[in-house]
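S.K.: Okay, here's the structure, questions in a sec.
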């Protein structure tokens, strides 16, 4: 029996996941794996955070934090984001696991012992200003192949070619922006030319997407060169050699990161009490395992050339139980890029749909549905808010949701919620049952060919067929004159509903589960159709999907996108909505904070009302009701359930209060600790994301920056502010 080892590209633990990431490597893999599980296949789905990339060191340097603090924060955030998006990894690990250090060093030593490494003293990028060797990604310049400017020194994001700082045109330091120099430094290189012929023969036999196969073969034809696999960096896996010129150096992340697929698999099976089970997935023991890597287009060279070469360089794995070669990738489904409103996603300019923020406003199934319908399988595609709204409302709500609701409404209204017996079938009835069988076959074939967009379209065509069938049979009319005919119509409609409950599972797991609940089923879902028996009792109908409103989209843009990219948010709002509608939504959603929120995008906005030529006043008696006191922050912790909140403890002299404060974007924990602050002490306690807040810190907010209010000299804790 064939078994599947499925991976998604390891995300860098230096920032959150955006919709482009999800559509590229994670949602496609999840659809594929969920289908295999429904088929009863032997499949393991692995991923984890890549925690030694130079972007992590770069971010830590910029923020004055340690790399470990960065990776711990984003590992947890990314893991929770995937859970919320219903990405069903068997295990989500990390490359800071001890097993990953051990295995990565083992891979290096095996390649070293097998003669595939060579030490060379070469010129390495060095910044005279920052007094440090620069990893490739810390160097930016113009790509010599396509002329794209501001490309990092490891790969061009435009043409996809691997780069080195030496070949960049006008290279400069990404930290300070100054021109760089090159200094001598010893490093180990992998002799890629050792594997060129073997790689070519192997790739020619693989069932890869044409865009992947053609790109990779052309690179091999141009000639493979030696590539450095060690770096001058203080964060990463140490080079496992006792050589003077290797001290303080680490394994290059592009060498050790893909080894994470194996180390995370080992950790997974260790944790479930099967420490040797990983071998049948990663070692070619019986030729029955298919290793499938889901990636984005930018990762093609690393997974199709370098990663297989590392596995070849290791040679045979051998222990007391087994001796075997490593399994090479069976397939590498690589998606193209997703754009946002016609522009490339940009994390630096905050032009992105951050998944954890999007899921604060919209259900996971909505995001999964839309991203699947526009999935960039063979060409770049675009995320558009207007298209998102239309597709959800017309396809999910009006088509799928409407059909399920109609069928359940009729069985409850005319048959007390019991599946009726079928009478004699006519041609359309038989066509409906055949359509169900065809849908299972065709959707499965499309998924196995990584055509997820077409597969979902085929599922939705069954819902459309159901609506047409229902309209043609007109059970609202036959119910008055032909109970048997009506029963047949309702029975077959419910069979279609059950089929949809299974077919939707890979794409919309929440909707699938809800349909299963409404049908009152406890059987395990399988990728096969077994009819609902007559006499089975179903539940009363519930709304499956709610329409997306303009107000929701306006709120999302104002509350999330405008914080990081106010100009981009303003352009979006002006493109789709009247300003008065934006103002109305801001007032409804943000209340007294509406003007502050709106001024992020409309600098000239002013909402304060005037009465008889004078500003409205607050009465002194109302102000006097506030109990404002001086306190001192004595503890700062991350909120366990929110990305932007701290849980702080404030000493008010006679008591210590716990407060929840939205200051994470503006202050580091160490900047808050021991700071004197002003607290609203008699504010009604309120739970924020599951933690009670006993007051509020006062701060000034000009729409861009936030500054805490504090006394200009030390006073007694608990002193009143008058």
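Cβ from N, Cα, C; glycine included.
So Swiss-Prot has the following annotated:
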MOTIF     11-21  motif ''HIGH' region'
BINDING   143, 146, 156, 159  Zn(2+) binding site
MOTIF     344-348  motif ''KMSKS' region'
BINDING   347  ATP binding site
DOMAIN    622-722  domain 'tRNA-binding'
S.K.: Reported in the order helix, strand, coil, what are the DSSP residue counts of the domain 'tRNA-binding' (622-722)?
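M.R.: Helix (H, G, I), strand (E, B), coil: 7 helix, 43 strand, 51 coil.
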S.K.: What parts of the chain pack near the motif ''KMSKS' region' (344-348), using Cβ distances under 8 Å and only residues at least 6 beyond its ends?
M.R.: 15, 18-20, 337-338
S.K.: Once the chains shown are all counted, how many other Cβ atoms turn up within 10 Å of the Cβ of residue 156 (Zn(2+) binding site)?
M.R.: 21
S.K.: Nearest of the binding-site residues to residue 347 (ATP binding site) by CA-CA distance, picking from 143, 146, 156, 159?
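M.R.: Smallest Cα separation from residue 347 (ATP binding site) among 143, 146, 156, 159: 156.
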S.K.: Can you count helix, strand and coil residues in the motif ''HIGH' region' (11-21) using DSSP?
M.R.: 3 helix, 2 strand, 6 coil
S.K.: At a 10 A cut-off on CB-CB distances, which of the binding-site residues 143, 146, 159 has the highest count?
M.R.: 143
S.K.: May I have the list of same-chain residues other than 143, 146, 156, 159 whose Cβ is within 8 Å of the Cβ centroid of the recorded Zn(2+) site, in sequence order?
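M.R.: Nearby residues not in the site list: 144, 145, 147, 148, 151, 157, 158, 160, 161, 163.
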S.K.: So how many of the residues in the motif ''KMSKS' region' (344-348) end up helix, strand or coil by DSSP?
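M.R.: In the motif ''KMSKS' region' (344-348), the DSSP-based counts are 0 helix, 2 strand, 3 coil.
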S.K.: Which three-state DSSP class does residue 143 (Zn(2+) binding site) fall into?
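M.R.: Where residue 143 (Zn(2+) binding site) sits, the three-state DSSP reduction gives coil.
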S.K.: Kindly state the mean pLDDT of the motif ''HIGH' region' (11-21) in the predicted structure.
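M.R.: 96, rounded to a whole number.
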S.K.: For the residue listed as 'ATP binding site', just count the other CB atoms lying within 10 A of its CB, please.
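M.R.: So the number of other Cβ atoms within 10 Å of the residue listed as 'ATP binding site' is 16.
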